[in-house]
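Here TrEMBL flags B:5-107 as domain 'FAD-binding FR-type'. Look at TrEMBL and you will find B:CYS253, B:CYS258, B:CYS261, B:CYS269 tagged as [2Fe-2S] cluster binding site.
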Amino acid sequence: MLTRHKLEDFILFLQKNGWDVFGTQKRENLLEVDHLKYPADLKLEKGVPFYSFKRFFIPEKEKLFEYKGHILKAEELAPKKTAILGMNLLDLKSVLLYDQVFEKDPYYQARRRNLLIVGHSLIPDMSQNIFEMTLEEDILEHLSFDIFLAEMSFAKVPAIRTKKAKLINEEKDNGEYAVFTGSLLGQKILNDFGYKDYINIQFSGPVKEGKLDERMIKIQDKLKNKHNQKIWDELGARCIECGKCTIVCPTCFCFRIDDKAGLENSEGERQRCWDSCFYQEFSEVALGHKFLNDTAKRIHFWYYHKFARIPEEFNFMGCVGCGRCAAVCPVGIDIAEVLKNIENS
Amino acid sequence: MFNLYETKTAKILKISDHVPGIKLFELGFDKMHFQLRFDEDARIYPGQFIMLSLPGFGEAPFAPCNKPGKNLELCIRAIGKLTNRMHILKVGDKIGIRGPFGIGWPIAGAQVQSSKFKVKNEEKKNLLIVVGGLGLIPLRTLILGKNEFLGKDAKIQIFYGAKHPSEMLFRNEYESWQKDGVNLQLSIDKVCEDWKGCVGLVTKLFEVVSVVADARAFVCGPPVMYKAVLEKLKKYGFADEDIYLSFERRMHCGVGVCQHCGIGSHYVCKQGPVFRYDQIKNVQGAI
């Protein structure tokens, strides 16, 4: 068992060994992901952080090239070793998507090789877990992580909600963790730290063999084959296209590529940065035609991507069910409700 | 690891002033191993596209249009930041190219890339090309390489609509196209002096000309054109499987990641830009 005390030692160990250590922390009652100044600041708890962990995998803005005249020069890719502690199961799911989408992207791959992902087992409450993800026995085989900390109240009594188990769960930070590794990197680091009491889990792909998610199939079928314009017209009338949902969403990864001129003539940077399909120019082509030319089309595009196009490409949903989009939406569009409407349409 | 955003340098070898606001650029590559050519060991197929890169001015997709086996040519209208910059470049200037990307027109050889484009109806050896405005560009290679791509016996009929006779692309080549047996039918949007031909949108040609028999149809043009052309094609008995459409979309990556060109479950940059009509006819927002 890894005690809280030992976990904090491990954080110090990472810091001493050149890792830039980030972790979930409490700031004015909000769970945030930030630099871990003191190991004691790490807060492992049920909720999902306000912002997702997306920026560690796909930064808001990154330099692809420096250019001078017509010549592009790629930066040498040597990202800093970064450890992220406290990824919950839902956010861990989004890593599966990043890994697939950016499989052939050298910038992503270089960053990914230098990331240490430490997940934990505390499951968010329903409003932040709309697909009711639970800690099933084989769940770790289908997640991508380096180290996973299973809170003991769950590890021992997963289903039985005894008074005692609940109590331990609430006092989680004093708890003990069963430790799992999901990669060679995870094993190596624990060995170096001197901790051997872990079980290694062999990753066996993002999707359980022969077991596609039924809800995914149903929603995908509705979107693909039974388009219901009424749903999108109603949403289009409500949505104000602020794009907040795309910023907090762990699985919104679309981007644009821009050239940013430097001070010297004909010098500058080619950058890749987050984009949002809610923005007007997202689909604009030469002469000004926009293929997504109203709000209804744009919000449909957002849902279609997550619940039809991604399932078609990768056999899993492009949504982890964290409910962040609903929490920030200024007009109260609730993804759980929208999905129910699609299913029942 | 291969960097898919890296560009290859090409040199502008020749610039032809074509039509007001439109120029044809002939390009040569520094390194022989990156000759983008439409020929036997083709690195590029008609209907595919490349990303043109002018650092400081961005990137955008363009369909090459040269004769097979010849240097790469891009026909570009000055309309935005990138294309206006392209127009002030001179012979000898260098530009960046990446690609080729996507799946082009279904012709012998090109299908190798994607089995879904296997031509179903083999006896339809002829070709009806319906294009509007700049939509002629991605089909020029096919027209110039007719015998190689379609065979000597195949007939090509072109319905080409432009705003004004002065905006018709590749005018100096029409005679030689016709000599090669291409049936070229032109239409202009509005009546103008010295024009004795058809007046009306490109769809008007269906009413005044008899359509080539045993043909597949390749369509490319401005977004507004597709619906009307499809209506005509269906009226003239073209099966969905015999109609191919090339789509224009905004693109940033060219490899099916950035999402800008998504339609339904497809990416125009990856599964397109040429689609067979039956594959996308029920996709919301495709046409």
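Even glycines carry a Cβ here, placed using N, Cα and C.
Ranked by Cβ neighbours within 10 A across all protein chains shown, the binding-site residues B:CYS258, B:CYS269 are led by B:CYS269. Taking DSSP states H, G and I as helix and E and B as strand, the domain 'FAD-binding FR-type' (B:5-107) has 11 helix, 46 strand, 46 coil. A simple Cβ count within 10 Å picks out one of the binding-site residues B:CYS253, B:CYS261 as the most packed, and that one is B:CYS261. Chain A comes close to B:CYS253, B:CYS258, taken from the binding-site residues B:CYS253, B:CYS258, B:CYS269 by a C-beta to C-beta distance under 8 angstroms. Per-residue confidence over the domain 'FAD-binding FR-type' (B:5-107) averages out at a pLDDT of 89. Apart from B:CYS253, B:CYS258, B:CYS261, B:CYS269, the residues listed for [2Fe-2S] cluster, the same chain places the Cβ atoms of B:ARG249, B:MET251, B:HIS252, B:GLY254, B:VAL255, B:GLY256, B:VAL257, B:GLN259, B:HIS260, B:TYR267, B:VAL268, B:LYS270 within 8 Å of the centroid of those Cβ atoms.
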